[in-house]
Amino acid sequence: MSIQTFDDTRHLTGENGEFLGNSFAHSKTFSMATPFLTTSTTLSLSLSTHLHRLSSSLSSTCFPFKPNLHRVPRNPSLLASYGNPHLFNHEDHHSTYKSLLSTRVLGPKSNFLQMGPSETSCSREILVKSSASDSSNTVISTLSQKVFGVLHLVVSLGIVLAMDKFLKQAFVAAAIKFPSALFGMFCIFSVLVILDTTIPAAATSLMNFFEPALMFIQRWLPLFYVPALVVLPLSVRDIPAASGLKICFIIAGGWLASLCVAGFTAIAIRKIVKTEMVDAEPMAKPSSFAPIEFWTWGGIFLASFVSAIFYPTALGTTARTCLPFLLASTVLGYMVGSGLPSAVKKVLHPIICCALSADLAAVAFGYISKSGVDAVLGDYLTKVSSNPGAGDILMGFLGSVILSFAFSMFKQRKLVKRHAAEIFISIILSSLFSLYSTALVGRLVGLEPSLTVSILPRCITVALALSIVSLFEGANSSLTAAAVVVTGLIGANFVQSTLDKLRFRDPIARGIATASSAHGLGTAALSAKEPEALPFCAIAYGLTGIFGSLFCSVPVIRQSLLAIVG
């Protein structure tokens, strides 16, 4: 038996010959008797092959260069022989081979261990797990934020709708004809101003809480004024063609005249009081429509349209059954109209596109189901709370829209206070001009007195306009609603380009002129592109209705209007 002991020292160099360090391998080989040499050699070769492959693979993975291992000559006296002296030469040859084998196997292995592969692998595994954990946490955080955002929207919007419903019921119970939403708007504005004076943090928190609801209302604002425009064919059916042309002339000319009076009055008063114009507070713009919204509403339209054809009373009544596809067609029309190029929008406003989409859906369903378009339009706006249609659902948001104006006014409270003189004076003069000019022109063109009275509140929102004409005997409320809608439609379609041509640059003049001449529809159209004008539109929108109602409630003014009409 022989025991072989040696020390192995190697230099590790790169491809360019640079010195990378030393590697020390201490190896001991125990050789048994001669019969075991063959087996030992075979096992060593097998082990050498596998370890060399493993070492080469790991080396190519861990090193971007190819290390060269150079042996350093060893001292021959390290070889010791025990037992049979005749085996010395053979052992010497065999030990030389084993020394080479040890260099190839143990050298890279020893050097590899010095580089710490297990620690590197461990570190990579920890990094991968950490990255996966961070990614998972990000997904969970994003999902939780979206869920919280939806809940926040539902709660804040629900409170606004509940507030509007409560005020309506309270005013009905008290037999008050004044619009409850306008009262609520000024109440909210007053509360915010008081809180801002006493506890500013509370006012800020209240604004932040209702922000999701306000952005939702601003995003869909034009939709809530569309139902009266959709059912317009039913409102003007009984009006003679000649009278209809005269009414259109009065409405179109009156809109332009009212807009000029309000805008130029605001600018003139500002010059008189010498109020310096400052920039309005920046207002956030609602997000654009995502493709998934188009697909969702498109799916609702197709499914409900086909279902309503085969099962006309699937939801109890025809109005409820038609509600989903009529609502979807209205929404899709608004989305498509909003995505049109700016040049097309000047001719085909999103509100017109929205109304046309709903009317086309009504015509298609009336033709396929053989029920007629009039019946479908009647189901679109039933005005019955127990059997609502798509138009009733949309118009149910009008009160909340007016309530939301209080928050917009509060955001621009400093500017409103600064320009209070021009705001109130221009609105009062514009309201009086609108009433008396309509009565005078109606008599000049020979329009029937009952029809002239019906269109007197053409520049006032529908809810207040209907209250005003109820003070006059013989007025046609359907014509009143139609006149208001057409006025708003003209304003929505042409207000921005007209303001530009008249060179009304500041948001105060633009907002007051728009709302004083085209009420809600004009406000919705302008604020969609110019959010900074929304607070002044809201003020003019509310005050025009208030002053118009107050003026017509005064017997002297009402009698003077009737005298002019004839």
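Cβ atoms are placed via backbone N, Cα and C, with glycine included.
Annotated features in TrEMBL:
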- 170-195: transmembrane segment (TRANSMEM)
- 215-235: transmembrane segment (TRANSMEM)
- 247-269: transmembrane segment (TRANSMEM)
- 289-311: transmembrane segment (TRANSMEM)
- 323-341: transmembrane segment (TRANSMEM)
- 389-411: transmembrane segment (TRANSMEM)
- 423-441: transmembrane segment (TRANSMEM)
- 453-472: transmembrane segment (TRANSMEM)
- 478-495: transmembrane segment (TRANSMEM)
- 533-557: transmembrane segment (TRANSMEM)
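Counted over residue pairs 6 or more apart, the CB atoms of the transmembrane segment (423-441) and the transmembrane segment (247-269) come under 8 Å in at least three pairs, which marks the two as touching.
Taking Cβ pairs closer than 8 Å, the transmembrane segment (215-235) reaches residues 153, 157, 160, 284, 286-287, 330-331, 334, 350-351, 354-355, 358-359, 362, 374, 377-378, 380-381, 390-392, 394-395, 397-398, 400-401, 404, 462, 478-479, 481-482, 484-486, 488-489, 492, 520-521, 523-525, 527-528, 531, 534 in its own chain, all 6 or more past its ends. Counting same-chain residues at least six beyond the ends of the transmembrane segment (289-311), those with a Cβ under 8 angstroms from any Cβ of the stretch are 321-322, 324-325, 328-329, 331-332, 335, 338-339, 361, 365, 368-369. If you look at the transmembrane segment (170-195) against the transmembrane segment (478-495), you find fewer than three C-beta pairs under 8 angstroms, all six or more positions apart, and that falls short of contact.
The list of residues near the transmembrane segment (453-472) in space but at least 6 beyond its ends in sequence, with Cβ under 8 angstroms from a Cβ of it, reads 177-179, 181-182, 228, 247, 250-251, 254-255, 258, 398, 430-431, 434-435, 438-439, 442, 479-481, 483-485, 487, 516-520, 541, 544-546, 548-549, 552-553, 558, 561-562, 565. Listed by sequence, the residues of this chain that lie at least six past the ends of the transmembrane segment (323-341) yet keep a Cβ under 8 A from its Cβ atoms are 220, 222-223, 226, 230, 288-289, 293-294, 297-298, 300-301, 303-305, 308, 315, 348-358, 360-362, 365, 376, 379-380, 388-391, 393-394, 528.
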